[in-house]
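K.L.:
There's a structure below that I have some questions on.
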């Protein structure tokens, strides 16, 4: 979903530009860190093999980051966060793990949210530039429409991997009655990719490769949204190299997932109980489920090691580039030409209903 003053839900006046958006920073309490961590639903995040420095969220790569080989040794959990449900406006609430005060970013992951979305909330026509926006539906659906005519709905189990690049203007609204639930992740683009042409990669649930394993006697099932796991490879091609897995573990099951050296990695507990690290009978570097079983979202990506300047819907490398993005959108140029005179079907529908 969206995280900016320009992306505010319907019926909510935008705050001043200097005010932090409630969609980009919450104040959940961190839990203790340990080499092996047991995480319970509701909502916990584990981050591994990345060191955070400074309030700006700069993430520095470890020495082995220059080697793109797969890690031959297990990773330790270096930070654990417990996420709290935050109500943004009527119809929209979220649990934020990355993109908050304790963890402003995990290079190149800019934000990681689980969200609940229902009427009257709606993200009407708003711009993006400079990053990739990943929306994965857990329940229900989200309908979208952009200024190039790209239009549709992603439903339960579907994913949309949007490379915003030089510019996209789109709208997103709940696709049905009741609460729609999903995961939304912002992944930064490298400086040389900031101005690439936009690209939508949509995969229906049935088209996402699924891998299974009986390791540990309990059973593991993985939807391979991006990257590779247990021999299954996703057809999605993120601009920033990334791994994204929806892992379901039966009670007592375990999974050992290779991640390239130097990549930032995190795991988000959607449901149940999971153990990460070297204890709990899992073996160092493994993920295992407790007696309830678990559902875990694993995301890893190759860091850029570059300066990050972001303001609302624009993520660039300098404040001057952010301001240039705002000017380009305002004047409908350099990637935003199709926004001139365009209104999404969703915005028109909501306007007619008011």
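Any Cβ shown, glycine's included, is placed from N, Cα and C.
Keep in mind that TrEMBL annotations are predicted by a computer and have not been checked by a curator.
The region 'Disordered' annotation in TrEMBL covers 1-73. Marked as compositional bias 'Pro residues' by TrEMBL: 11-20. Sequence annotations record features per position, and here TrEMBL assigns compositional bias 'Basic and acidic residues' to 43-64. Sequence annotations record features per position, and here TrEMBL assigns domain 'Pirin N-terminal' to 114-187. Taken from TrEMBL, the feature domain 'Pirin C-terminal' applies to 245-335.
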K.L.:
On the 0 to 100 scale, where does the mean pLDDT of the domain 'Pirin C-terminal' (245-335) fall?
P.N.:
89
K.L.:
Treating G and I as helix alongside H, and B as strand alongside E, what does DSSP give for the domain 'Pirin N-terminal' (114-187) in helix, strand and coil?
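P.N.:
Taking the domain 'Pirin N-terminal' (114-187) as a whole: 0 helix, 49 strand, 25 coil.
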K.L.:
For the domain 'Pirin C-terminal' (245-335), how many residues does DSSP put in helix, in strand and in coil?
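P.N.:
Breakdown, helix to coil: 13 helix, 44 strand, 34 coil.
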